[in-house]
Every structure is written in structure tokens, then in C-alpha cells.
Amino acid sequence: MSKITAAITAVNGYVPEYVLTNQELETMVETNDEWITSRTGIKERRILKGEGLGTSDMAVPAVEGLLKKRGITAEEIDLIIFCTTTPDLPFPATANILAHKIGAKNAWGYDLQAACSGFIFGLATGAQFIESGKHTKVLVVGGDKMSSIINYEDRATCIIFGDGCGCALLEPNTEGYGIIDSVLKSDGAGSQLLFQKSGGSVSPATHETVANKEHYAYQEGQAVFKFAVTNMAEVAAEVMERNHLVADDIAWLVPHQANKRIIDATANRTGITPDRVIVNIERYGNTTNGTIPLCLWEWEDKFKKGDNLILAAFGGGFTWGSIYLKWAY
Ligand code: UT7
């Protein structure tokens, strides 16, 4: 019997309507368009406005669009892996909430927390259930309402992050398409450099933690940058080297969109030319778990069957990783 690989058979995305521009941020904190553009590459990001809306509310239209594209019903989904750092609630899992909202009555699911590397970890994890023969339809969702944990008085973080959600369906393939290899890493030594101080079991919410603004994302930008810029590039190079791939073999590099300078460093390290590097950071900023699936969604019609894609991410934790996949359609 030929080997089963997990192939992406459909992708989709959703970004909220509200556009937060650099110009609007100039009215909120001491910053300017020139600084933000030159340091990060970001021009605008999307914000989910509206009372009572959470990350799952962006996932619903993304997933419903994916099901329509693929021509299947929600009942056919076996498993939902929801990669997010901003779940609707601390518990239950947003995967369960999403399953209920879309009518995925036969699916089980769980949330996966690996900050900005979440979608890569989710794809690699979901692929195991396909490769083992356990499931035939695994939905991997990556999305965040980062605006729910951003302090819009902190110029070090509020200029970077945005809201958005994307998703991919994994199905079995016996012709060699799909996820071929992954390199996944983490190092808890970096856990205090990009994190949310309170709201977990170590420091539950109190009046004091709220007053001290400890429920927002905190980042030591320069320190994180140093790790991200080398590790994201290294891991992409590692997955290429061990699969005997050179830059010319790669149709598309799909990097996590954290900072244009980190994307450029990854492209340089792997030798992949800018025309084959997917970049939409200027329009969405860093949507954390959403960046890679949103890139796949926006570039889907440019991909050809058999294209070699390298996905790479770096995030809080620290977490980082890269996936080599052959596009299946
Ligand atoms: O996605 C998960 C992983 N996260 C990342 O990969 C993010 C990694 N880090 C970064 O992308 C960058 O570190 C930032 C974009 C966050 C910051 O860029 P930077 O080039 O590292 O700037 P910096 O923090 O070293 O600050 C440089 C200067 C400072 O002023 P002085 O001390 O040189 O006078 C800051 O106070 O820029 C100042 N600054 C700002 N100025 C205008 C910091 N933030 C701003 C701002 N607008 N928003």
C-alpha cells in the first residue's frame, strides 16, 4: 500500500472590516508612519469591533467558506485543531465552540497554544491523524483577536498586532502530495520575553493585575527580534537541507508575518528570491496564529499542483518551526 500523506485540500480566510492605519495609531501613541513602516513593514491591520465577538466569530465565516469551496458539510469533519493565543474563553476550548457554531456534530477538537508558531504546530499535529489512517478530514484553524490583549497605550506592541483568522483542511493523499516534513522547536527560556503576565494560574485576575495592565501582551521587542531573525531562518534552511532542496526547488516561502526584516532574513538565508516570498504584513500586521493561513488563502490561486512550499514561523514561548509541503491542487 502506498504511504498516506496529509494534503491541504482547501484553504480560506477572514479578516474583519475595520482598518486601523498607521495614521490612526499616530493619534493614539507617540509614533509615526515612517517609523512603523521602516521597522516592521506594516501599514495597516484589521480590528474585530463589536460587543461580544471573539476569535471564533472570525473562524465561522472562514470555515464556512472553506467547506463551500471543498463541497463538503461540517458533519464530515473528524477533528478541529484550533490554534489560538486568544481563545474565546479560558475554557472550554474554542474548537468546541466553533464546532457547535458551524454544526460539526461528528468532530472532536482541541485548542493548540504555541503563539505565532501555532498554525505550523497545528498542521504538523493534524497530519499525524491523517497519516495514521485514524481520520480523513482534519480542520486546522489559526486565528487571533490580538486586539483583545493589546494595550493601545503601549507603542511597542500596538503597532504590530492585528486580528484575523485562516483555516486549512487536511485529507489523505497517496500520490506524494501534502506535508512531507517538519522541524518543530521550543525553548521555555524565552517565556518571559513575549507573554501575558496575568490571567493564568500563577497570577489569576485581581483588581491589581487589571490596574497594572498585566492582561495585555508584553514583548521585549529587541530580544525577541534577535532570536526570531536567526531561528526562523535556520529552521527553514534545516527543513530544506534535510530534504535535499535548494532555493530553486522552492515555489513559495510562506513566512510568519511578524516583521518584514525577519521575513527578509529568512528569504536571504534560504536563498529564495523575493518574487517567491509571500508577504501581506503591510495590510494585516501580525495576526499571530492567523498569518500563515491568511497567506495561503490570499495566494491560493497562484499555487500549482506539485509546488514545493516552505512554511516557517517563530513565536512566543519561544516556539519555532518549519514545514515542507507539496501543494496538492
Ligand atoms: O511574532 C512573534 C515574534 N515577535 C517578533 O518577531 C517581533 C520581534 N521584534 C520586532 O519586530 C522589533 O523589535 C519591533 C518592531 C518590536 C521594534 O523594533 P526595533 O527596531 O527592535 O526597535 P527598538 O525596540 O529597539 O526601539 C528603537 C527606538 C527606541 O528609541 P531609542 O531608545 O532608540 O531612543 C524606541 O523607544 O524606537 C523607539 N520606538 C518607537 N518609536 C516610534 C519603539 N517603538 C516605537 C514606535 N514608534 N512604535
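Note that Cβ sites are derived from N, Cα and C of the backbone, with glycine treated the same way.
Under the heading domain 'Beta-ketoacyl-[acyl-carrier-protein] synthase III N-terminal', TrEMBL lists 110-188.
Per TrEMBL, active site is recorded for C116 (among others). Long-range Cβ contacts of C116 (active site) within its own chain (separation 6+, distance under 8 Å): H256, A258, N286, T288, N289, T291, A313, F314, G315, G316, T319.
The feature domain 'Beta-ketoacyl-[acyl-carrier-protein] synthase III C-terminal' is assigned by TrEMBL to 240-327.
Per TrEMBL, the feature active site maps to H256 (among others). Within 10 Å of the Cβ of H256 (active site) there are 32 other Cβ atoms, across all protein chains.
The annotation region 'ACP-binding' is assigned in TrEMBL to 257-261. If one looks beyond the region 'ACP-binding' (257-261) by at least 6 residues along the same chain, the residues whose Cβ comes under 8 Å of a Cβ in the stretch are 39-42, 116, 160, 225, 228-229, 279-282, 284-287, 291, 295, 314-315.
Annotation source TrEMBL lists active site at N286 (among others). The Cβ of N286 (active site) has 24 other Cβ atoms within 10 Å, all protein chains considered.
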Summary of DSSP states over the domain 'Beta-ketoacyl-[acyl-carrier-protein] synthase III N-terminal' (110-188), given as helix, strand and coil counts: 26 helix, 32 strand, 21 coil
Residues in the domain 'Beta-ketoacyl-[acyl-carrier-protein] synthase III C-terminal' (240-327) grouped by DSSP into helix, strand and remaining coil: 39 helix, 22 strand, 27 coil
